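> Input: one structure, supplied below.
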Amino acid sequence: MSANQNSNEHDRMRELIGKIHDADVAYYQQDRPIMTDREYDQLVDELQALEAETGLILSNSPTQHVGGEILDELVPVRHTKPMLSAGKTKQVEDLVKFAAGRAVLLSWKMDGLTIVLRYENGGLQQAITRGRDGIIGEDVTHTVRTFLNVPLTIPIREPFEVRGEGVISWDNFEKVNLSLGGDYTHPRNLAAGSVRKLDSGESRKRKLEFWAFDLVSDTLEHQSKLAQQELLQNSGFSVVPYIFLPESHTEQEVRDAVGAFQPKHFAYPVDGVIMEYDDVAYGRSLGATGHHENRLIALKWQDELYETRFTGAELATTRTGMVSITGLFEPVNMDGAMVSRAYLHNVDIFDSFQFGLGDTIKVYRANMIIPQIAENETRSNTFFLPLQCPCCGHRLSIRQTTGGTRQLYCENPHCAAKLVQKFAHFCEKTRMNIEGLSAVTLEKFIGHGWVKNFGDLYQLDQFRDEIISTDGFGEKSYERIHDAIEKSRSCTLAKFIAGLGIPMVGRHAGRELDRFFHGSWDEFEAALQKHFDFTVLPDFGQTMNDNIYAWYADKEEGKLWRPLLAQVHFKKENTDMESIKKTPFWGKTVVATGKLMGYTRDGIQEKLLMLGARPASSVTKKTDYLIVGEKAGSKLTKAQQLGIQTLTEEEFENMIAE
Ligand SMILES: NC(=O)c1ccc[n+]([C@@H]2O[C@H](COP(=O)([O-])OP(=O)(O)OC[C@H]3O[C@@H](n4cnc5c(N)ncnc54)[C@H](O)[C@@H]3O)[C@@H](O)[C@H]2O)c1
Ligand SMILES: [Zn+2]
């Protein structure tokens, strides 16, 4: 080898170390990766190959130590034992060799951030991240206390540590990420960003979980890994699911066990499978490198690349105004499923591919789940993003996010995409009662421009095919939502008004308006035009009156609700007036308190309305009856003081049965 060639290789090694370092900082410190794991792993592989070839390893090489950074704001804590990474392979046969003649445990390699919990005297003392080099971590006890499943008090008195992964399930990721503006590309980044917050109130909303994989103790079940996992499980920890293979296992059993780990069927993100010796002493005797311990090995899935053609990009606006970019391509069969789209995260990633229509691209499924575009072989660089909001048509702008990436934004304050909560409110059970139309689903419909106003909900038919082809949607879920929407076409004026979201005009006010205007929208609107004084209605104050007029005059509001009138028809709330008049509750003011056996809170209100009563929420001199359920409190005391007649639930039932 000539000296010149050597120096070329050394330069490349330095360049790789620099790139890997930058990626580490973005990934571990800022929780905002600047490249995919695939690209990162390729850089590390290349560096490792060069190190082997040249026999030179530079002191700051990432192959010699564990990645990781700590935040200045959090308190640093030294680990009792270094937290190392795992040795990796992509060959199942390496696992077969590793396990030969020994009992092993196979478990998911869950993809979040490592967390160490310290327990003493049966209580959680401290929670620490892996941190810099696995030696100095950060104290995150305050946020870990807000996790969904961390045991705070346990039956084990002696001190020990438990290592595990802080994760967010796919479902919770989708919901939480949308509510935060869709800025996170993977549950791992959201989990890491949420655990390392100073404000535990904020992390509480992120729905984090802790899944234990290691008990660190010299005395507790210290001979068998299996016994340790069982002890943790019995003490209240969620333990990473595992398969135990006894010493007598066959090679085929190892392959079958590996095959049983199918990420598609697991609710949490994973990035491989971990194999570890059951014999704890044996595992320890194998020692460690500066990078990983030899008692375990990680299998990473091969990312199989598929070739296809780029066919365009799809934009969808989210509730924060951020516009997501999805790359479209000719459908390819990726182990059994037809895939034709991959999320592109931000403008920088989109630009880096230099797409042109018809370009030959390579796609894969990261960790067997998430479709990703790996490379563009043609790079014709002729396709540009349409800079127009798919929802409102407004020109899009490009904003730099706090994470340093560029995102598309719709700046129109009236863009329907920003009104997802308003639509969700409209669909609620106690309003128009459109079951299955959650905020997440609505966001998709609105963001794609299929729904721009309340009336559009009733005309989704035209987009049936597009809806069914979006991720996470099938024919069945479409039909279910469609049926629920059709059912809601027939509604009462009360629910309709409650769904419009006029400030302070809710269900109670809706019922009063329904009653006063005989369930007729036309009567209600005629009154509005004649400047009717709503304060004459029971419980209507001046502000409510003004809110109604402000809402009616607002043109933007009108664009939302007016198209709805052509889609729904009003039914009367109470049909059989004569028979209702005969009940003892007709025209009476009735309050219910405590827990009732036969009714929910809303249920009893509806029942009272059907009986012609006026349900009220507080006990006053005007109250005629108080229905008393279990654990009644101050309302009962007050009723007794005022001498108001109280009824048990049974007495109430008997009176209406007569
Ligand atoms: N995209 C990027 O820019 C970027 C940057 C840095 C690292 N990375 C990714 O991270 C990888 C390295 O990450 P790492 O060093 O944090 O972890 P690792 O992949 O070396 O794995 C070790 C970790 O696995 C976790 N784990 C999950 N389930 C486990 C189980 N059942 N038993 C034992 N451990 C379990 C533990 O937290 C442990 O610390 C790289 O290969 C790369 O894919 C990506
Ligand atoms: Zn818009």
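Counting starts with 1 at the first residue shown.
Using the three backbone atoms N, Cα and C, a Cβ is placed for every residue, glycine included.
Okay, so TrEMBL annotates it like this:
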| type | residues | note |
| --- | --- | --- |
| ACT_SITE | Lys109 | active site, N6-AMP-lysine intermediate |
| BINDING | Asp37, Arg38, Glu39, Tyr40, Asp41, Ser85, Ala86, Arg130, Glu165, Lys300 | NAD(+) binding site |
| BINDING | Cys389, Cys392, Cys410, Cys415 | Zn(2+) binding site |
| DOMAIN | 580-658 | domain 'BRCT' |
> So among Glu39, Lys109, Glu165, all listed as recorded positions, which is physically nearest to Cys389 (Zn(2+) binding site)? Use the C-alpha atoms.
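Nearest listed residue in space: Glu39.
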> For Cys410 (Zn(2+) binding site), just count the other CB atoms lying within 10 A of its CB, please.
26
> Spatial neighbours of Cys410 (Zn(2+) binding site) among the recorded positions Asp37, Asp41, Lys109, Glu165, defined as Cα within 10 A: which are they?
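Checking each Cα against Cys410 (Zn(2+) binding site), there are no hits.
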> If I restrict to non-local contacts, at least six residues apart, and a C-beta distance under 8 angstroms, what lies near Cys415 (Zn(2+) binding site) in its own chain?
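When sequence neighbours closer than 6 are ignored, Cys415 (Zn(2+) binding site) has Thr317, Gly321, Cys389, Cys391, Cys392, His394 within Cβ distance under 8 Å.
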> For the Zn(2+) site (Cys389, Cys392, Cys410, Cys415), what does the 8 A shell look like? I mean other same-chain residues with CB within 8 A of the CB centroid.
Thr317, Gly321, Pro390, Cys391, Gly393, His394, Leu396, Glu411, Asn412, Ala416, Ala417, Lys418
> Out of Glu39, Asp41, Cys389, Cys392, Cys410, Cys415, which binding-site residues lie by ligand 1, with a C-beta less than 6 Å from some atom of it?
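Only Asp41 qualify.
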> For each of the binding-site residues (Asp37, Glu39, Asp41, Glu165), count the other CB atoms lying within 10 A of its CB, then report the residue with the highest count.
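Checking each of Asp37, Glu39, Asp41, Glu165, the winner is Glu165.
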> Rounded to the nearest angstrom, how far is the Cα of the residue listed as 'active site, N6-AMP-lysine intermediate' from the Cα of Glu165 (NAD(+) binding site)?
9
> Helix, strand or coil by DSSP: which one applies to Asp37 (NAD(+) binding site)?
helix
> Return only the integer: C-alpha distance in Å from Ala86 (NAD(+) binding site) to Lys109 (active site, N6-AMP-lysine intermediate).
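Computed Cα spacing between Ala86 (NAD(+) binding site) and Lys109 (active site, N6-AMP-lysine intermediate) is 10 Å.
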> Could you check which of the recorded positions Asp41, Lys109, Cys389, Cys392, Cys410, Cys415 have their CB within less than 6 A of ligand 2?
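Among the recorded positions listed, those whose Cβ sits under 6 Å from ligand 2 are Cys389, Cys392, Cys410, Cys415.
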> Roughly where does the domain 'BRCT' (580-658) sit in mean pLDDT, to the nearest integer?
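Across the residues of the domain 'BRCT' (580-658) the model's pLDDT averages 84 on the 0 to 100 scale.
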> Hey, does DSSP put Lys109 (active site, N6-AMP-lysine intermediate) in a helix, a strand, or just coil?
strand
> Within a 10 Å radius of its Cβ, which of these binding-site residues (Ala86, Cys389) has the fewest neighbouring Cβ atoms?
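Per-residue Cβ counts within 10 Å for the binding-site residues Ala86, Cys389 bottom out at Ala86.
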> Reported in the order helix, strand, coil, what are the DSSP residue counts of the domain 'BRCT' (580-658)?
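So the domain 'BRCT' (580-658) is made up of 30 helix, 18 strand, 31 coil.
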